[in-house]
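To start, the structure under review is shown below, and the notes come after it.
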Amino acid sequence: MDLREKLEEIKQKSLKNIQKAQDPNTINDIRVELLGKKGAITEVLRGMRDLTPEERPKVGSFANSIRDELNQAISKRNEMLEIDRTAKKLEKETIDVTLPGVPVNAGQPHILMQVIDKIEKLFLGMGYEIVDGPEVEEDHYNFEMLNLPKDHPARDMQDTFYITQQILMRTQTSPVQARTMEVHDFSKGPLKMISPGKVYRRDTDDATHSHQFHQVEGLVIDKHITMADLKGTLELVAKTLFGKEREIRMRPSYFPFTEPSAEVDVSCFKCGGEGCAVCKQSGWIEVLGAGMVHPNVLKMAGIDADIYGGFAFGLGPDRFAMLKYGVDDIREFYLNDIRFLRQFSQKG
Amino acid sequence: MKVSTKWLNEYVPVIDLDRSVLAEKIARTAVEVDDDYRLDEGLKKVVVGHVLSMEPHPDSDHLNICQVDVGEAEPYQIVCGAPNINSNMNVIVALPNSWIGNHTKIKKSKMRGIVSMGMICSLQELGFSDSVVPKKYADGIYILPSDAVPGQTIFSYLGMDENIIDIDITPNRADLLSMRGVANEIGAIYNHNVKLPHPVISETTEDEINNYLTKVSAPANLAPTYMMRIIKDVKIKESPLWLQARLWNAGIRPLNNVVDVTNYILLDYGQPLHSFDYNKMGSKQIIVRLANEGEELVTLDGEKRLLKDTDIVVTNGDKPVALAGVMGGLNTEIDSNSTLIALESAVFNPSKIRKTSRRENLHSEASMRFERGINVATVGEALDAAAQMIAELGDGQVVANAIKVNEISTNDRIVEITTTKINATLGTNLTENVIKDIFERLGFGVQLESGTFKVAVPVRRWDIEVAADLIEEVARLYGYDNLPTTLPTGPTTPGHYTDKQRLIRQTCALMESAGLSQAISYGLTTKAKAQRFTLEKAKTTELDFPMSTEHTTVRMNLVSGLLDDIAYNAAHKNNDVALYEQGRVFFRDDQNDRPREVEHLAGAITGLFNQATWHDSKTVVDFYLTKGIVDYLFKELGLENVKYVATNAHEEMHPGRTADIYIGGELVGFIGEVHPNILKEYHLGKTYVFELDLQKLIDMDKKEQIYQPISKYPKVTRDIAMAVDKSISNAAIIDCIKQNGGKYLTDVTLFDVYEGEHVAKSVKSLAYKLIFNNPEATLKDAEVTEAFNEVVEELKKKFKIAIR
């Protein structure tokens, strides 16, 4: 058997052993056995000195190729075993992915604040400022500056918690209008504001009445403001809060501080106007009151009613939330049952 | 106001209009419509019956067996239990298989063995409200006039065969509190002519009012106009059925021919009238004046009223006989023996009427109209119409002449408006003709002079005073739907939150991310709860006339409200609750009635903060968890130099587990465990709360945010564990470490606290991690050791610590 045959034989045998090897140690042993200083191939190559000078390089390169081949086989086998081993290891690490995740216990903003936030963002985007006013208010701003002198029958529309004859819990956010108009500098531009906040009425609490609720007052005063502008603005409010498909309609109404005045209905978001229980079969839901600011109100605030005019509106986040989310008892908003508060966690 | 469409049709043609279309038109053009309905809706086969004969039921002590002519060949046998049934009377019969009120079907039946072919009905059984059924028939069946024809349907007799539109009138449109006012409105909406009848009065020439009244006086400030007529020889009886039907369709109970006429005229003209029994007046004088303080009057409802000197009374010169414009006196009531009627038609001072009716909680049809206004042009006409009608229905005579005190102007009011102004306000392009047409439809006089309308508004529309009122008339009759839809143009304005508004909203978001849900509690609470947990000494602000004992005082803290919320949750078995509230509290001082309003933030946490899961153990709420939330807030808001100072000064708080919070030396709030006494009152377990003056936090200087280069060199940590006397606070130790740790000490954290076994009772074991770093070079071990030893020495010296 010449050297070539020997090498060939070693190769065949070793390849088999490599394929059979199941762990890196065995493979290492094979490698040492073959390619180490005392390995089989090294041993064979020692026999090279018996060869003719012509044969030597040929056998040499043959031996090298076999060594490379075996080296390759070894590292390939090693890789395969590594993959195998990793796979086995990972398999052992398998978990039940259906076990529950660790809860993130974030708190929720109150649903009324979410509604107010939506309204605020809409109007900030249209260049309105947000103005806050006192909750304990003067009769002067709550009524008189709004064209509601003492003994005006329209005062019956709002039962009032008085503290003294002159001081009361505000019944509406409209007094913020009066306060803001009084101080606004029109040389610096038009007045565009909304005023969200708590209001109070002398009412007995039940499912549909609360002695405390929220309002968002809106007011725009400038030189060329029209009732058509009011209509467009309110349409935007309706679409933002109740959905893109909503339409509005206005009906004549009466507020002492606006003239003309309107009650505003939005097309029913439940049935789309077909008629259902939510809209009492009418297809429309009354959502807010609005109108063109009464010239008396402008005059009382020191604004020239011949030059300036504008619109005002008032809407009720409590009512909005009740309609939109189907809350059937207004008291839920103020009892703060955690099961109620946590329901409204959906963002967007 | 319940509007009878048949009555309306006498003034303006509406009967051919679809009822829902008419109602919709009113709602979209004038005022809200509460309801539109027919009284005979769903009712069937109810007819006039004539009781031919009647015999007692053999097996009953109250039932009668009646033979009733219902217009058919044979009489029907009907068993009836009404106490006022009798033979020879006309009654309401529900035939077999008829439908009566309340969706009830009447069938042929047997009553205690006797066949009954239907039922003899009361008005209530047809669906009438108790409040409109004449007293006489309240407990029995209704008896129809003798000329009613058996077999004919009952609905036209009782006025049930018409549409009623119930309109909800806004305070400015009191002109619609009359049929004539509604007719004018409908005429304007539909552009139809309105034809209103006017009374023709026939007076007796033989008698004169001065024979009855020698003195009638009324100050013009109380009664801008006051008129009176006398009708004599009147027979008091039931009103004709058509009149009764008009009243009950409008929601008014028929009484007798005199009172019914005054109510009928009230509905027709909107003019309240009052009828006195002249013979009970006791004098020939009518003096209208303010009541004397403490004077008494028993009103028609039987209530004794203690009068005030702001009430207007009608007197006989001595005693009050009516609370003017609100309700008559019982002492001059019309009764079945009355023959001589003194009839009053007047206008009374609205604010005085309002004051009286509110104080006495007496809101009558009359007072409502006087408060909101009436058509001053028809005070006399209404009086004449009523007098004539009383005379006709009571077989009496109107005595010659009326007495009239004080004259009120009935001239049209001229209001000017330009087309430009109208279009500029509405955003429209209406032509002069369109506008003119609208004014004319409303029955206003119109003169157009170079672009300016001079509109003559009749006094029946007293709500129209200024140009804006005319714009509304144009807008609503043109149709709100027809207005264009635009958005305001003009200079752009920046829309943004103020710093305060932004910080308030960010604070809320921080609380939520820390795990607290937002609560909105009541701003009004009890006086006791208002005064607890306060950060400032201040006066309470209390309601003058609260509605409930639970809500009498404006809150001065937020914690009380949160405890109410937590108690509500606990009562509903929600034991783990973490809430915060952001809102105002109200502090009042001696000098002011109105309190200062301060933005506060408060939190209240109880039970478990985190439930045990398969993954983690539970977290029970405690002081430090709560403090962590507050710390987080301060850090995120950029507030530094925060100090927690133990305090036992808050009565409502646990004396050993409460701290006042100072920032930069200023008191901003407190935090701690609620006192067990308070918790017991609320039936709560351990609850931790904090209340912060948010306004102060907003106003405080915030840390400048400047980029800190990240050190390229490694940090070195050293731990120190020590035993120290329990009285030494963590804050004192940290201060000491920081002061002595040298310039490379960058952070100190407490990582272990231990008390109990293996340490002496008076001692606690604390362990801190000190972190050193030099941003410019690698720290040498010797440098760190030196600094660390300095700290240890100082701690030993200052606090006598023992290194463990």
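Keep in mind that glycine also has a Cβ here, set from the backbone N, Cα and C atoms.
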| field | Mg(2+) binding, same site as B:Asp469, B:Glu472, B:Glu473 - TrEMBL member from B:Asp463, B:Asp481 | value | B:Asp463
| message | Just to be sure I understand, if DSSP states are collapsed into helix, strand and coil, how many residues of the domain 'TRNA-binding' (B:40-155) fall in each? | response | 8 helix, 50 strand, 58 coil
| message | With CB distance below 8 Å as the criterion, list the binding-site residues among B:Asp463, B:Asp469, B:Glu472 that sit near chain A. | response | B:Asp469, B:Glu472
| Using DSSP, would you call B:Asp463 (Mg(2+) binding site) helix, strand or coil? | coil
| query | Which one of the binding-site residues (B:Asp469, B:Glu472) has its C-beta surrounded by the most other C-beta atoms within 10 angstroms? | reply | B:Glu472
| Between 0 and 100, where does the mean pLDDT of the domain 'TRNA-binding' (B:40-155) sit? | 92
| task | Pick the one among the binding-site residues B:Asp463, B:Glu473 whose Cβ has the fewest other Cβ atoms within 10 Å in this structure. | result | B:Asp463
